[in-house]
Amino acid sequence: MSNILDGRELAKEIKERIKKETEILEKKPRIDFLYFEDDKSTEVYFTRAKKQAESVGMIGSLHNLPVNTTEKDFLTLIEYLNEESETSGIMIQMPLPKHISKKKVYETISIEKDADAISHVNLGRIFIGDSNLAPCTAKSAMALIEKSGINIEGANAVVIGRSEIVGKPLAHLLLQKSATVTIAHSKTKNLKELCKNADILCVSIGKAEFITGEYIKEGAVVIDVGINVLEDGSLKGDVNFEEASKLASYITPVPNGVGSVTVSMLLDNVLYLHKNIINKK
């Protein structure tokens, strides 16, 4: 039976450290959350994130925008917050409404206030080895891998998923630790074979319980990034937990795994950005 990598424990450790660091700051970090009123799940997530920010001494500000907000007005708001001296970090709803260009948002947000490291420059920094600022979900997954205690150097790591905010940055974070990394996706033909050879298996594909025990190498560390809501309202990951946990040495549950750490990593990013702004003055 696997050891469980409980994200709640790691999140608590991170927030305790952030709170201590924030307490000694004369000016407190502020994070601005931008989202649209029709996205209720993001509203719930950002409201909780705001409360957690305030619990560690930060300031949170919610921007609940009308659905018909134009792309121009949305980009103008980002530009305003880029210049707003009270704002330390900006967190933007993803995915965006269809009428707003993701590319333009990535290009508009200031690299100095990019709380989820989605700008082209900040993503590029990860690719050249700078991991101080990384997308929150990828950073959370990496922290849980490290918490398992596995020797990452030389390990075979398979990342299933190639998104800009999870799969690709997570692969580069693993590369920085000298893992041998394979990125798999929906077009990968020998997926089961690749997974069976993985010492570290990270899954982010958005398909409930897609990865069964047949994909798991005995003793592997399994990181399940997926969160899928079933018809009965229950939450399931991309990995069949019951089957995988019989083979893996360490595994993240869903819920209470990677998702439990993401807000703490967001706050960690905001604190990092805030300190950089202070140091430049």
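Note: Cβ is positioned from N, Cα and C throughout, glycine not excepted.
Residues annotated as NADP(+) binding site in Swiss-Prot, with sequence analysis given as evidence: Gly161, Arg162, Ser163, Ser186, Ile227. Around Arg162 (NADP(+) binding site), taking its Cβ as the centre, 17 other Cβ atoms fall within 10 Å, counting all chains.
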Near the Cβ of Gly161 (NADP(+) binding site), how many other Cβ atoms are there if near means within 10 Å?
-> 22
Tertiary neighbours of Ser163 (NADP(+) binding site) (same chain, Cβ under 8 Å, six or more apart) = Ser204
Would you give the longest CA-CA distance, in whole angstrom, between residues of Gly161, Arg162, Ser163, Ser186, Ile227, the set recorded as binding NADP(+)?
-> 18
